[in-house]
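Pulled from TrEMBL:
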type	residues	note
BINDING	A:ALA8, A:MET9, A:SER10, A:GLY11, A:GLY12, A:VAL13, A:ASP14, A:SER15, A:MET34, A:GLY127	ATP binding site
ACT_SITE	A:CYS103	active site, nucleophile
SITE	A:HIS128	site 'Interaction with tRNA'
ACT_SITE	A:CYS195	active site, cysteine persulfide intermediate
DOMAIN	A:204-269	domain 'tRNA-specific 2-thiouridylase MnmA-like central'
DOMAIN	A:277-350	domain 'tRNA-specific 2-thiouridylase MnmA-like C-terminal'
SITE	A:GLN334	site 'Interaction with tRNA'
Amino acid sequence: MTLRVLAAMSGGVDSAVAAARAAEAGHDVTGVHMALSSNPKSYRSGARGCCTLEDSRDARRAADVIGIPFYVWDLAERFDRDVVQDFVDEYAAGRTPNPCLRCNEKIKFAALLDKALALGFDAVCTGHYARLDDGVLRRGVDEGKDQSYVLAVCTREQLAHAMFPLGDTTKADIRREAERRGLRVADKPDSHDICFIADGDTRGFLAERLGAAPGPIVDTSGEVVGEHDGAYSYTVGQRKGLRIGRPAPDGKPRYVLDISPVNNTVTVGPREALDVHEITGERPVWLAAPPAGPHDCQVQLRAHGEVYDCTAGVEGDLVRIRLHAPAKGVATGQAAVLYDGDTVLGSATIAATDSVFA
Amino acid sequence: MVTYLDHAATTPMVAESIAAMTAELGQVGNPSSLHSVGRRARRVVEESREIIAEAFGARPSEVVFTGGGTEADNLAVKGLFWARRAADPRRTRVLASAIEHHAVLDAAQWLADHEGARVELIPVDEYGRVSPDTLRAMIGEDVALVTVMWANNEVGTVQPIEELAAVAREHGVPFHSDAVQAAAQLPVDFAAGGDALSVSGHKLGGPLGIGALLLAKGVDPTPVLHGGGQERDVRSGTLDTPAIAGFAAAVQVAAAGRAAGAARLTALRDTLVERVRAAVPDAVLNGHPTLRLPGNAHFSFPGCEGDALLMLLDARGIECSTGSACSAGVSQPSHVLLAMGADAARARGSLRFTLGHDSTAADVDALVDAIGPVVDRARRAGLS
């Protein structure tokens, strides 16, 4: 069946090949580059991110090669509100957000999709590495590139209008295919980090928006061992950049165990204290039927992170996830994505853990 | 089947222009050379200059070829500013209408940013017209130049150029007019229109990359391009004989058919306006109801986004424009509509349809068939 497909084109190789594949499959494809900054130059320069003028031109050039219409849609306001501001707010609240996930949830498969549907499109196509068959979301075959984690926050309704043509292919093959198709972005470097933080300096970005807020760094006994410029710039499990003058009594490295925005305190301690056995997730999204009782499955707690065996169950509005072996450095605000093998069952936002200091 | 309703962006070349240009592409000769092939090329250039001069009521010596309308505007604005200020350092004010093309506005803004110019925008009424009285109230001895376009590229409003030029003349201030859009469809008369006038080849059925600045005798802007001293020492660079020949041929065709063409386009345009309004009753025609370019129809469709309308029409083979400038492909609210008092929503929901020498009733039919459903669809998508 020929669908009217809106291909979101970042200017990178993945979304270009995805659009080409959708067109080759016989769909009626229109390319759209999302302008996510009202002042594009303020974003990452060079060809690494997904928000620069150069990226917009790369996307246009790819669309021309594929032979599809191409437009730039201004989604800067929505992006700033739902992704950038959310990112800042989450850090300010002591959590660790994943903006790519938020962008999928609020921009690509919300603002962009809604507008596309209203304008008569049937689906939004992206270059994500994930497989989607009959509403079943699975990991992409390229384990290193798999992006099912950042898509797992999307609802069934959102995914019903999504198309991920790259899930069955490895990145290396996509690059070869791009070259074969004459797409000049074939050897463009992968994007990394956070597209709206131009220099990759997340701490500096947050400091600029939240201001300096010096406070104590304490150890597990409550003793002050250092000072920080703002609790928001720490992540649970973080080891580097703590700037603690004196070593721990046992001489072992110390890790961030807890961030408390209320009293502006960062707690550090030994690696063992990071152990988490149980996670409480909120705002669950189920792609499969919610488990009726305790359900044995796997959980992933951060993008490209380790996968743990677990038993998950629904408790009211929450999801309780019991890990069969402890995980380390689980940050609230990240998504807990439940898998059965390579199939996504659902996801929830990590609200609390049983870590001693959480 | 494509319906081309974007003649304000560029026009198809007329057959006479293609023939004249391609005939020259096979020839050798720099019009500045003294030998025979140079003399032959120079003859083509000078005959072309005479044709263009005659069509616009100028003397051949008043035609300075440029690389297009933007260059002509830059030469006029910057060059006249520099020359006038050099003659009297008090002359630092530049008066430009608020609805000028960016080739004028941004050139003026550059002078403000780098050369100490004080740029003042001449306000317009709700139709986009500049009043001669407004100009009279603003002008003074310290004005370096006045620039008001003959007809606006977005909404098509035609300015009272003769009266505005007369106000400038009373004060001895050079008057420039960007006639890039007007030249194809209106009787543009340089003798009545001031001291400097920009025209462009590809807007009137000629080739891209060629234009002219008509410069009255004794009006000598400081050059923007320095070099071999061609074109009265005002615009250096080897003359593009094929493009100039094609430009002249197109001007000749346009001038010969101007009166009849304007009448035909006006009737066609009025039909378009009437039928679009019948299909979309709340569509607002922007610009002046009668004092507008014959081929221009510019609407705001309440509750719609111009970009969405453009895309939906494009998908149906209808090619038009929002008419406003882009920044990284993201359309900005039109400065023209904002200057006319439109709010941001009306400015964003606008579309420009422009007819030209090859437009037919079938083009209007195609638009009228599509516009109703397209507006309904865009309205559902809203102003997200």
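Keep in mind that glycine also has a Cβ here, set from the backbone N, Cα and C atoms.
The structure, with features from TrEMBL marked on it.
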residue  : record                       : Cβ contacts under 8 Å, 6 or more apart
A:ALA8   : ATP binding site             : A:SER15, A:VAL32, A:HIS33, A:MET34, A:LYS108, A:LEU112, A:VAL124, A:CYS125, A:THR126, A:GLY127
A:ASP14  : ATP binding site             : A:GLY127, A:HIS128, A:TYR129, A:LEU166, A:LYS171, A:ILE174
A:CYS103 : active site, nucleophile     : A:PHE79, A:VAL83
A:GLN334 : site 'Interaction with tRNA' : A:THR96, A:PRO97, A:ASN98, A:LEU301, A:ARG302, A:THR349, A:ILE350
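The maximum pairwise C-alpha distance among A:ALA8, A:MET9, A:SER10, A:GLY11, A:GLY12, A:VAL13, A:ASP14, A:SER15, A:MET34, A:GLY127, the residues recorded as binding ATP, is 16 Å. Across the domain 'tRNA-specific 2-thiouridylase MnmA-like central' (A:204-269), the prediction's mean pLDDT works out to 87. With the fewest other Cβ atoms inside 10 Å of its Cβ, the least crowded of the recorded positions A:GLY12, A:HIS128 in this structure is A:GLY12.
Counted within 10 Å of its Cβ, the other Cβ atoms near A:MET34 (ATP binding site) come to 24, all protein chains included.
Secondary structure of the domain 'tRNA-specific 2-thiouridylase MnmA-like central' (A:204-269) per DSSP, as helix, strand and coil residue counts: 10 helix, 20 strand, 36 coil. Each residue contributes its Cα atom, and for A:SER10 (ATP binding site) and A:CYS195 (active site, cysteine persulfide intermediate) those atoms are 11 Å apart.
Each residue contributes its Cα atom, and for A:GLY12 (ATP binding site) and A:CYS195 (active site, cysteine persulfide intermediate) these two points are 13 Å apart. Residue counts for the domain 'tRNA-specific 2-thiouridylase MnmA-like C-terminal' (A:277-350) under DSSP, split into helix (H, G, I), strand (E, B) and coil, are 0 helix, 50 strand, 24 coil. Around the Cβ of A:CYS195 (active site, cysteine persulfide intermediate), 24 further Cβ atoms fall within 10 Å across all displayed protein chains. Here the Cβ of A:SER10 (ATP binding site) has 24 other Cβ atoms within 10 Å, regardless of which shown protein chain they belong to.
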